[in-house]
Structures are given as structure tokens and as C-alpha cells.
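Below is one structure, written out as C-alpha cells; comments come after it.
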Amino acid sequence: MTEKQINVPARAYGFPPDAYDPSLLPDFDVSFLRPEDLEAFIQALSAPDTTQPPDDGLASPRSPSARSFSSFDFTKRASSVLPDDAQVVAAHAAAAGGETAPIPGDNDTNNANGFGNSSSQSLFITAQSDWAPVHEKVVGSQTHRQKKSSRRRKRSKAVAPGRRTRDETREGYLYGLLKWPFLLIVGAWIVGLAVTYLFTRAYIFIYEQFVAWRGRREKLRRNMRATSRYPDWVKAARDLDNFLGNEAWKEQNEFAYYDSKTVRRVWDSLRRSRIRAAQMEASGSQSSSSSNEGKTTPIEDLKVLIEACVKNNFVGVENPRLYSQTYYGTKNLVQNYVDEVEKSLTALLETKQLSMEDKRSIFKRVSANYGRTALCLSGGASFAYYHFGVVKALLEEDLLPDVITGTSGGALVAALVATRTNEELKKLLVPSLSTKITACREPITVWFRRWWSTGARFDSVDWAKQCSWWSHGSMTFREAYERTGRILNVSCVPADPHSPTILCNYLTSPDCVIWSAVLASAAVPGILNPVVLMMKKADGNLAPYSFGHKWKDGSLRTDIPIRALNLQFNVNFTIVSQVNPHINLFFFSSRGSVGQPVTHRRGRGWRGGFLGSATEQYIKLDLTKWLKVLRQLELLPRPLGQDWSQLWLQQSFGGTVTIWPKTILSDFVHILSDPDNARLARMIHEGQQSTFPKIKFISNRLRIERLIERGRRETRPYIRRGSVESIISEDDLRELLLLRGSTNGTDEEITTNDEMEFASDEKAVLTEDEGQFDGVTDNTEGSPLLK
């Protein structure tokens, strides 16, 4: 294929011509979705929603809702299996938890009221009984009380899902009188503040362009932004730091945002202990030295120091301020400390002066204290394609975290990353990937009719077909983890406004199909109707997950699930790629951010001057205040059944490191449009450029974290993936075994400490052919464990 046929744009952003050839994409023409899976999804969507009363006109106004289980609420065919049957309730609960136990009385058919997770066609209610039709008109006179009750029932209309019910609304004469005037006044004030904020940001932009950036420094910045590879960017960033005098700041140890004296003392102690331990091991005198009473060996001193200092943000060494004063790097003392911690951890892992059990205990405690790193990809419709550049920059430097979470559009990118290997991703993250982005291809004559009739612009079934390629077919969260080792997390919000959100991953919903979770996380009201999560059963077929409840866009309530990640995976360092257009406009760091310092007054000034930064901060806080007032006073209406104030009032939109790619005005015009090759190439380039300044900070963090994970991996015995030992720690297993022996046997049957140490030093490998133990080897010499 020639370059003209490939259609390379005028500005290639550093990509070779092959990057614009879609035929070179892995699995380009492969359709992963099976017809049976798509049919199961269609049937799940057509099933009635069990969380809402039926509104199909088939239920009697005087009959209770679908949740009341009177004997007159079921047809004769459904009367054999009532929901109060313990077996039925247990079966439904198991299905909600991801199990596939058969439901008694179903016989491959849902019961009459839509309960259960089967994807077969449901039986709808047509009458209260065979002799009492639902819509039968009663002929005859009514009493005054009956007429009054009938008029009251007519006035009380059914509340649409997501709208405020009578229990949620306030009563009072002043509330009804002042609600709308107060809402209009505050709304007008908010609009005025928003316009003022835009003018303030424009003033700051002009100030920086014509005051802060001019002459030689502007030329150096242009050279830095023109790079497409990280090594080239580092060279340009060093040149800019040298010109601005930032290198002198690195040589000074003192800084208000960390304890420089403690860091200097710990660094020196680590270095001395490591050198002495290496000399002692080389001379082979560790045994004689350890026999001296009242003295500790250097390796023991090193172990104590490591356990004391390898913690999350120890004395402020991971404070983002330490990386916000220069374009590249941090204090020389901090960099030396990170290098020494890495060397000391390596020495503990490779030394022969510690037993394997001691090493295992050390790295287990250090891992719990240090925590993990997660990459969080926000929503943002077509703005989410900037995430490709962020992922590409991290991938090329081998800094892609194992824990990845995505919401809405970010969930689509996260699904691609979590289901592909590094080699596959390097071939996929190119501009030709735009040929697989066809979700918005329909003309206005098609989608407008759909929106008018269904209330949604896009079709859920069509999106399921396209999304299945990004998730490598009907792959579940557990299957993705087993294939790539990455932990995918997708935020989903229930269709009703009061149920809690869920974070789907291989722990909370292992059998949930990824493409269904991505669709649910992208189901913005008015754009895509709420969808049903699907799960994969033991036979490989799909069925509705969690009683067939419907879910919608996760960014409406939890765009960045930092708290859930911390609880489930011990994540305390987050890399957030924030591209939401309604949030990106308000992201402003008046005193600089990681890799992007304030240029004037040697980094001690304010962006746009003090007046510009103060005005920006005041307006932003005032906007937040009035939005909270409207929400707390319950004055905001709920268009499309959603409280839209939560788009701005969530707990956090950023992380330890926040990346916000540089957008342009045309992105807002194409917010619901598919990108072409040229546009996707620019978005990938801007995503990379926004990530390059953060890489040094991320690299220092992941160097230590991955070395700790390596220590845990090499010091644990061989464990088959998916077994109970991979979930429960070794200490917990030992306690369970001891407890079982003490309760079921005599005291002589309890394993002694010596026997336990001998057992922990044994290892075995199960051969694939015979399924027998191939051998047992002693680890007392500190040899590496078999993997």
C-alpha cells in the first residue's frame, strides 16, 4: 500500500506512514461477539425492569406494585412458584452474586413477574385472575367516598424513574411560594459567575502568553512541545530548566514541603548499612558477627531501616510540590534517596544472610505500607480519546500500572488496555485506530427519529456490537485479569437515584462481561438508555447479572472511584487522566503542577499574577457554594431523571498526579463525533505531551513499588493462579490450619514451629503431563523460588 493510499495527513505528529494503515492493526477484521451473546443481550433489554412498577398499562390501578406478593398478583401459571419460597430467594441471591445455580420451578423460563436471571422470554401479567380482567369497567353507581378516592387516584400519576417522589419533596407554603423565584435568581447568579470565570481565564492566558512567555524561553517551550518521544522531551526540558535557573533549586536540600534532615539521615544510614552488609557477605563472616551479644548485623540494621522508611509519602518525599518547581526532576537529595531505597531493597532480596521466610515477611509488610498505584481514566464523550496518548506515553516507558479504572468513555479505553498485552497495545495505539471508532456514524435523520421515540440518541444493541471488539469479545473481568495481569475497574450507577454505585472488577463481579459494563458506564441519560449488565455462566452463555437491574453512566456520581480502589486494592497513589469538558474548564493550578512550574519569579509567583489567581479561586469557590445550596434546599429539577449538580459536586476529580490534556475549541463541536486519522493523531500527541512532565514522578514511585512486588513474587511458594492460596495470605492459611488441628484433633496433632518452618521451606512443581510432583527442593540456601 502506497503512502497516498494510506492517506497520511499533512502533519503526522511523528507517526510513521504505517501508523495510518488500518490493515496493520491486530484483529482488525475479527468479530469477537457471538450471535448467541448478542441475542441474550437483546432479550435482557426487552425484559421488564423489576425495580420499577409496571407501566405497560396491563396492571390494575388498584393492584399493588410488582413488589407486593399477594396471591392475586400472579397468573395461574406463576402461582406454583412464589417469591417467598426460600429456595427461590436463595437462587436469585446466588445469581445476583455471580453464581449460576438453577432456580426452582423455572424450567428454563422466567416466572411471570420477571424475576430471575434467565434470558428466556418473560411471561407478562395480563389480568389479576382468569375471571377478573385488569381493565374491566365496573358498571353501577358509586358512593361519595368512592368518587373522591377515584379522583385522588387520577391526580396521583406514576412517577417516572429517577424523578422525585412525594417522599422526597418538601412541603410548606413558603417552600412552594419561593422555590422557583429563588431558583431563578440563584441560577442567574451562577450564569453570571460562569461568564466572569471565562473572562478571568482568558485574562490569565493572555497574561502568560505576552508577559511570562516571550523571547528565548518561548522558543525553548515550543521545542519541548514539538517532541513526540520522551527522551527528546527530557533533553528539551533540561534546556528550559537551565535557562530558567531551576537546576540551582535542585541542589538545595531545604524545602518546606518535606523533611530534608530526616531524608538526609535515612539516606546516609541506608547507604552505610548496605555497603557494610555487602562487605560482610563477600567475606563470609556473617555467622561469626551474628554471635556477638548485644550487637546487630548490618543486614538486620538495613531491614529495620527499610521497614521504617518505605511507606507511602514518607516524610513528604512524594509530595507533588517537590516535582512542581522544575520541568524535569526533583531535589537531588530526594532522587538520591529513591535510588538508595531501590538498591537497599534489591540487597535484601538477593542476600543470603536472611531466610526466605524473613524475606517474605519483610516484603509483605512493606507492600502493605507502601500501597499500589492506579491509572484512572475519566469520562468525557469523544474527549476520552485523549486517554490513548496518556496510555501510550506510559506504555513506552514501561510505567503502565496494573490497576486501571475507567468511567464512561474512559471505560472503553480501559477495556482495550486491560484486555490486550503490551505488544498488542503498541500496535493499536496509532492514528489508524480511528477506523474502529464508528459509534457516531449515523446521520441526523436516523438518530433524531430514535431519540424522539426512545429518548436516546444511540442504540444499545449497535453499541454492544462495536464495544465487543474493544473488550476482546465477551471477556469477563476475571478472564481479562488472567490474560494480561491487569486489574480492570469500571464504575456503574444504578438507574434508580438512591442505590449505591458499584465498581466492577475481578473481585466484586468476576463473571460480569466487560462490554456490558462499558455500555452501562457510558449510558448518559438522553444519549444511551440504561442497560443490563450481563454475566457469563459456566457453560459460556450469557445471562442478565444482578436480577436484570439496569445501570447507567458512572461519571454522573463517581467519576474517579479513589475510595473504592483504596479499600479493595490498597491504592494510595493515583494517576488521573481528566478530560471531562465540564471539569477540564475549571482545572487550574495557580502555583504550578507536577512538571509545569510557574515561570516567573523563579517559581514563587502566581499564574496570571496574584490578582488573576485570586479572582479565579474566588469565582470557582462561589460557584461550588451556590450549587451546594441549590442541591441541599432541593430546588434543582431532575431533567431526564438525573441530579446534574453531581457532575461538579463529587468528592474528587483529581489524584496524586492529575493529567489534563490540552484541548481546542473544535473538540466541543465534535464532542459526539468520530475522529478521523488526523484528529486522532493530534489527540494522541497532546495526550503524550501532557503525560511527559509527570513521568519522572511516576517513575520514582513505580520503581519502588515494582521492586516490592518482585520481592513478594520471588519469596512466595509456587501457587496455582485461581486457587485459595492466591486469595488468602500464607499467615492466614497457617492460622486456619492450626485452628482446625486444635479443634478436631489432640494436642500432639498440632504442627510445631520447627515442622512449620520445614514445611515453608519446601516447594514443588506440578508437571503438566502427569499431574504429579516433579520434585522437592530445600530453600535454606536462599536460591530463587520456582515460578
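Every residue, even glycine, has its Cβ placed from backbone N, Cα and C.
Given the structure is predicted, the values throughout are model-derived calculations rather than measurements.
Range 406-410 is the one annotated as motif 'GXSXG', of 286-290, 406-410, 601-605 (source: Swiss-Prot).
Tertiary neighbourhood of the motif 'GXSXG' (406-410): same-chain residues 376-385, 387, 488-491, 518, 521-522, 524, 553-555, 558-561, 577, 579, selected by CB-CB distance under 8 Å and a gap of 6+ residues from either end.
Mean per-residue pLDDT, taken over the motif 'GXSXG' (406-410), amounts to 91. Residues 585-586, 612, 615-616, 619-620, 622-623, 626-627, 629-630, 633, 635-636 of the same chain sit 6 or more residues outside the transmembrane segment (180-200) yet have a Cβ under 8 Å from a Cβ within it. In this structure, Ser408 (active site, nucleophile) belongs to neither helix nor strand by DSSP; it is coil. For Ser408 (active site, nucleophile), other Cβ atoms within 10 Å of its Cβ number 28.
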